[in-house]
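See below for the structure under consideration.
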Amino acid sequence: MTIRQHLIDPEICIRCNTCETRCPTGAISHDRNYVVNVDICNFCMRCVRPCPTGAIDNWFDVETPFTLDEQHGWQFLPPRPAAADVAPPDAFDDEAADLLARAAGAMGGAARAPASAAHPQVNVYTRADPAHATVTGNARITESGTDSDVHHIILDFGSEYFPYLEGQSIGVLPPGTDAEGRPHAMRLYSVASPRDGEKPNTNNMSLTVKRVMRSDGQPGLASNWLCDMAVGDRLDVIGPFGSTYLMPDDPTTDLLMICTGTGVSPFRAFSLRRRRTAPEPGRMYLFFGARTPEELPYFGPLQRLLQSQLHRELVYSRQPAAEREYVQDRLLQRHDLVADALRNPKTYIYVCGLRGLEEGVETAMAEICARHDLDWPALRLQMCDEGRLHIETY
Ligand SMILES: Cc1cc2nc3c(=O)[nH]c(=O)nc-3n(C[C@H](O)[C@H](O)[C@H](O)COP(=O)(O)OP(=O)(O)OC[C@H]3O[C@@H](n4cnc5c(N)ncnc54)[C@H](O)[C@@H]3O)c2cc1C
Ligand code: SF4
Ligand code: SF4
């Protein structure tokens, strides 16, 4: 069984003692090197942000943990395991970990990041010490007059650096308390921008937020609060969260992205990242479902892209005078394309959106595999193991 171990890189560490003074558990001590006691560290992350060098941000999955004596003897960190095995845990915050575990779907996606994914930071900002964001943009991105009110919201973090990768989520803290007088539960939102910012090289990000009505007819708390925000309004943000639902940095990989509604948010980030950094990237396929074109977030901007930049399959379930079509129907219709993607060991599959999506995609994949002489249960297992199948539904 592997254990995740928090380690300090002695080559980079400048021995400033900041981490030791911030650690609430006494897990960090120093002699020759600064070291972390694996039996005491509870992954609270309080030491990570204050470290001026990043030497503290190392997480290895190991069979046998390194002892304190071993850590004191190092001049360098030992050779790193595969990239997928050096990510921090998904979230150190119980609330976020619970939400992410539920979002990983009934069948479960990969428990590891793509091998070439960049190293994610998580829990940099916490409830006790949140980042303070300012809204610098808020625009509706579905047509007015339709039932689906989805907003593209831009948050600026000013001088508080908020690091994130495409595919990660942030936690938003609605102000006030619930009926029992406790602070409201955080709500997670996927980041819709690439890692270098909504505008390149800025400390900002965008979200794609749907105004939700609860089944009792009451407005959803956080989504309505966010969608009603004006430019200049401030909010508390924590995170980022998520260390597996990440994109491969290898530009030659293919991405098969399957979503409904606001599930497009991480895929906007993935495709913008590719377009900013890889002039001749691997292929990107987007299967995107909504009720109508008017209710499809980012419909206008998506129309402006060439199919060669982003192969789009836009699917509508409530078009007047047309048969209802769902994402899984279109996957089946394009079975040759999907089967080719499944056969390619460089294809990464991402599913994101409302809960019901996962089951439909699973059924479609199984049927496509059966038609093309592929073994879906075995392939699914292999893709999860290789960090190539990721599910996030909510
Ligand atoms: C990992 C993760 C990522 C998420 N990313 C996004 C995102 O990028 N954009 C986004 O808008 N939401 C996202 N969500 C959902 C978000 O966290 C909130 O649950 C949602 O905004 C409702 O919160 P609320 O306070 O307005 O509603 P509440 O007062 O908490 O009421 C919740 C009700 O709304 C339903 N609901 C939740 N989300 C939706 C939705 N998108 N469409 C329709 N019904 C919904 C729930 O089933 C429930 O009935 C994500 C959730 C998770 C777990
Ligand atoms: S993660 Fe928390 S417990 Fe572990 S060393 Fe850092 S501050 Fe201490
Ligand atoms: S805060 Fe960072 S640089 Fe300073 S002693 Fe700790 S690990 Fe080393």
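We number each residue from 1, going along the chain as drawn.
A Cβ is built for glycine as well, from the same backbone N, Cα and C atoms used for every other residue.
Database features (TrEMBL):
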type	residues	note
DOMAIN	4-33	domain '4Fe-4S ferredoxin-type'
DOMAIN	34-61	domain '4Fe-4S ferredoxin-type'
DOMAIN	128-247	domain 'FAD-binding FR-type'
BINDING	SER190, LYS210, THR262, SER317, ARG318, GLY353, LEU354, GLU392	NADP(+) binding site
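Sequence features annotated in TrEMBL and their locations in the structure.
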| residue | record | DSSP (3 states) |
| --- | --- | --- |
| SER190 | NADP(+) binding site | strand |
| LYS210 | NADP(+) binding site | strand |
| THR262 | NADP(+) binding site | helix |
| SER317 | NADP(+) binding site | coil |
| GLY353 | NADP(+) binding site | strand |
| GLU392 | NADP(+) binding site | strand |
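Contacts of THR262 (NADP(+) binding site) defined by a Cβ separation under 8 A and a same-chain sequence distance of 6+ are given as VAL150, SER190, THR208, VAL209, LYS210, PRO297, GLY353, in order along the sequence. Across the annotated binding residues for NADP(+) (SER190, LYS210, THR262, SER317, ARG318, GLY353, LEU354, GLU392), the two most widely spaced Cα atoms sit 26 Å apart. Summary: among the binding-site residues (SER190, SER317), the fewest other C-beta atoms within 10 A of the C-beta are counted at SER317. Distant neighbours of the domain '4Fe-4S ferredoxin-type' (4-33): 40-44, 46-47, 50-56, 58-62, 65-66, 68, 71-77, 88-89; these residues of the same chain sit at least 6 beyond its ends, with a Cβ under 8 Å from one of its Cβ atoms. The highest number of surrounding Cβ atoms within 10 Å, among the binding-site residues GLY353, LEU354, is found at GLY353.
Listed in sequence order, the residues of the same chain lying 6 or more apart from ARG318 (NADP(+) binding site) and placing their CB within less than 8 Å of its CB are ARG291, THR292, ARG324. Counting every protein chain shown, the Cβ of GLU392 (NADP(+) binding site) has 26 other Cβ atoms within 10 Å. LYS210 are the binding-site residues among LYS210, SER317, ARG318, GLY353 whose C-beta comes within less than 6 Å of an atom of ligand 1, given in sequence order.
Proximity to ligand 2 at the level of Cβ atoms, with a cut-off under 6 angstroms, picks out none of the binding-site residues THR262, SER317, LEU354, GLU392.
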